[in-house]
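For reference, the structure is listed below as structure tokens.
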Amino acid sequence: MKRFPYFWCLGARRRLNVWRSSVYYVSDDLLCNRFCTATETINQQPKVTESPELPDWVRILKKEEAAVEQEDDDFLLPSFSEWIKNEKLRAREVDVKGLASDMTENDVDKISKVLRFHFKSPDAVVDALNNCRFDVSECLVEQILKRFSCEWIPSYGFFKWAKVQKGIRLSSDLYNLMVDNLGKSKKFDLMRELLNEMSQLQGYVSLNTMNKIMRRFAKAGKYEDAIGTFARMEEFGIQKDTSAMNLLLNTLVKGGSVENAHKVYQDFKDHIAPSVHTYNILMHGWCRARKIDEANETIKDMEEHGFSPDVVTYTCFIEAYCREKDFRKVDAIFKEMQIKECSPSVVTYTITMKALGHAKEVNKALDVYEKMKQNGCVPDNSFYSSLIHMLGASGRMNDSYDIFEDMTKQGVSPDTFTYNTMITIAAQNSKEEEALNFLQKMVESQCKPDICTYAPLFKMCCRMRRLKVLSFLLNHMFKNDVSMDLGTYALLVRGLCRNRNPERACAVFELAVLRGFLPTDTMYDNLVKELEKRGLKEQKKWVEELMLQAKQQGSDKSYERPLKIKE
């Protein structure tokens, strides 16, 4: 029995080697270092919410983590190893309506292995898939489009192939998903071309389609194109009404241009009747930009049109003053709301509590929680998640866990945001087993992970040098149809550089370029500086060549054919 732990770990390593040979996509490139003298050979196989919702500074956890010096891992945590071993078995026991059959799941993985190759064009993807035989279904197409949502070449190539297969007619939802994928990758001419194709299909273009297009334009800073999309809506049979205008205003505000949103309002207010929501969107934009005078002018305009400020209006101002940490004005607005018998919402309380937590006023933040309960406002997932994070950030880990456990007793089930918060707290405090256990619970409770689920885990693995666990997480992310975006590649490059793995950072950088991404200047500069500092001249030269290749890819317009939409 004294030798049992040794033999258990040895067995775990052997099982890991078997698992490792089946891992594909990103983890292969991380486990294999092209610059090492001895490397392992792995065979390559082919409904809009009312503004303001919780703002980004409330929902996104930004705490930077200091590097922790640890040796490379040569083991897995026992409980986590068992999860790896039994994960597929657990998945089969889940009975959820809409899950694909085992055959479909196998086809998804087989197609993914084909798309894993580095194709130079969507047509090359089509040619590769034409040499294979798969049973295409709506579920399969949706899963592949989500799995490769940040990689336009495999995504668009697969879409072109799927829509000509016999026995299937792709739905408008799948077209909308592909439109969004192209917009996410800034392939706007192809996005317009697909919109034109959809217009030839009866009932395929909807307000949701136009909203996705406007949102992608606005996020890329192409405000005139977003406005132009709205102006052409009637060409596609979409009415330009108050709801459509509000969608445009919302995308412009969230895209960082309240000025353009205000101009649109001025241009259309005589033709399209504004609503309370219209003014609240503008108010949110002005307050977000710290332009309180303009926000007050909007209130005057709002009242002239017969509308009174509501809880969303006041919450916009509370958010603005919370950003400035001017809590006297926050209290004054709460008093004004009380006088006007306008009860604060759960969003109002959440923003205030989170801001007090950021200002290290934990006791006052907890007073907000008590005040909220006294006023009969029921906490939701976002409130609990913000409360949990505040307590965790202030070092009260046990209190955070108690709140998490108490949520269900209060009738509120943890959602993705809640689990992400728990994972982040544990990962930031280097509680790796707890962080991984929360991921396991998340999967078991059928909560869908997203990109924010994995980011803190990746940081933790880089910091603690848990590269085998990192490989599993990368594969787990892919299996859950969460696509690697440029931010994730940048996170891995930065984390690996900081923690004595510049060669593997180069491998991740190379993969990002091969998958069609153009690394940011910061991502490139940090990697080059790290290589220079360590005297790795060969690797530095290779990274410079990769960056040049990426810029050439970015300037290649051969797959962006201009499309003129008839006016």
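Cβ atoms here come from the backbone N, Cα and C positions, even for glycine.
Just so you know, TrEMBL annotations never went through curation; they're auto-generated.
Database features, via TrEMBL:
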REPEAT    206-240  repeat 'PPR'
REPEAT    275-309  repeat 'PPR'
REPEAT    310-344  repeat 'PPR'
REPEAT    345-379  repeat 'PPR'
REPEAT    380-414  repeat 'PPR'
REPEAT    415-449  repeat 'PPR'
REPEAT    485-519  repeat 'PPR'
Cβ contacts under 8 Å made by the repeat 'PPR' (206-240) with residues that lie 6+ beyond its boundaries: 48, 172, 175-176, 179-180, 183-184, 186, 188, 191, 195, 198-199, 247-248, 251-252, 254-257, 260, 264, 268, 272, 565-567
Helix, strand and coil counts within the repeat 'PPR' (415-449) (DSSP): 26 helix, 0 strand, 9 coil
Residue distribution over DSSP helix, strand and coil in the repeat 'PPR' (485-519): 26 helix, 0 strand, 9 coil
